[in-house]
Amino acid sequence: MGERPCILAIDQGTTSSRAIVFDAAASVLAVAQTEFPQHYPADGWVEHDPEDIWRSTLEVSRQALQAAEAKGARVVAIGVTNQRETTLIWDRRTGRPIHNAIVWQDRRTAADCAALAADGNETMVQARSGLLLDPYFSATKAAWLLDHVSGARMRAENGHLAFGTVDSFLLWRLTGGRVHATDATNASRTNLFNIHTQDWDPELLRLFRVPAALLPEVKDSADSFGQTDPALFGRPLPVLGLVGDQQGATIGQCCFEPGTIKSTYGTGCFVVVNTGATPVPSRHRLLTTIAYRIDGRTDYALEGSIFIAGAAVQWLRDGLGIVRTAAETEALAAGLPDNGGVYMVPAFTGLGAPHWDAAARGTLTGLTRASGRAHLARAALEASCYQTCDLLAAMREDGATPAALRVDGGMVANGWMVQFLADLLDLPVDRPVVMETTALGAAYLAGRKAGLYGDFAEFTRVWRRDRRFDPAMPTSTRTALLAGWQDAVRRTRSGAPD
């Protein structure tokens, strides 16, 4: 029997790096994962050491590759998916970053964004990039690096530095510094890319003061991105797919038709609805973004971004020490008859969509002497569901009419949370058999380019549902819970009275 052709999917996330090998039937053959440190040098600042990103990625890739090939598989291509917006600048000659990566959650440029908005720039920025003026995106992060690292701006203007999101940095390292490129989905998250012309926008570059010489080439999501340095894996492997993590999950959930919608629950939560070949401007402060670009065809999406989802549970574990594992929260939440009036608004780094309040900070409301660790665990889980409900309401106002929501990410292993989500949304929620949908999306792109996977219709037949969660909550209960949540959000907003 010959070796089975497979795809290595690299999933470089906010708190961990993962590598997963998929076969031609989109089944998982091998998985490797490792966490890496987070750095918080100041209030609202979040950084990663780029060498931690690279070392952890290389480590898990080698582990998964070795495990799969021990089972008779042969990896024929690599697909990469990544935490988006996180910004790096490195020296083209040495490959060394000039500073830690500034993570998507980082809010250090909030005042810069506010100043640009006060000068009347947000309408132009949104019209061209589909995004709002917010420190979430890469442009002001890049400008901050150029302004705060000694000599960086001059080196950038002289063509000695390279900018990239995490995919671009990994591609540079994987190819031994031979390829400086990104894909359209990652480019569309920078505030520098025109989603209509499909190119870097000169007016946006001027506004954010980012030299064009810094920027990578923008390619399709399924494309030839060069070959890996043979020293890394013992032989060169073609990199045939790049995609931002939420777009990767959109592909992995087979949301190829307009109106299909998915929500991913990892460090943050991201709801994405496919809008087809036409970009739909949001009237409710959602993001108009690129879902994927394949064979020159672009499909667009509306996205709502929640900065803190699973990270709230991680805080309960690592910050407060009230749970040993994230899995404990399910039994704690289920053991309560109700939430006891306790709400957590986890605005640790501000509020994302639809509020976009960079100055908001987290709150716990409704605490009494009867409140215990179970109430905190339940409040952390419920918070992701309430925020999803806010996003779905905005999407419906913008014309989306979802029949069901497909969910993925580490949090959705928690059946209690997914049922609460269905109840709160009053909408069926589908959980897939293959939970690694982000990595699966990257694998599909590389596998499609390699000839291992077929078109959208063929790949859609591979998707299988593990369980459907149907809503069962009385309307009166839902209404009361949502009213309590909205009151908690009002107390959290930066303009709220003391």
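Placement of Cβ uses the backbone N, Cα and C atoms for every residue, glycine included.
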From Thr14, Thr15, Thr325, Thr329, the one annotated by Swiss-Prot with Arg84, Glu85, Tyr136, Asp245 for sn-glycerol 3-phosphate: Thr14
Span of the glycerol site, taken as the largest CA to CA distance across Arg84, Glu85, Tyr136, Asp245, Gln246 (Å, rounded to a whole number): 15
Binding-site residues listed as Thr15, Asn414, least Cβ neighbours within 10 Å: Thr15
Local Cβ density at Gln314 (ATP binding site) - other Cβ atoms counted within 10 Å: 18
Three-state secondary structure, Ser16 (ATP binding site) (per DSSP): strand
ATP site, defined by Thr14, Thr15, Ser16, Thr267, Gly310, Gln314, Gly410: further same-chain residues with Cβ within 8 Å of the Cβ centre: Gly13, Gly266, Ala311
Proximal residue to Thr267 (ATP binding site) among binding-site residues Thr14, Arg84, Glu85, Tyr136, Asn414 (C-alpha distance): Thr14
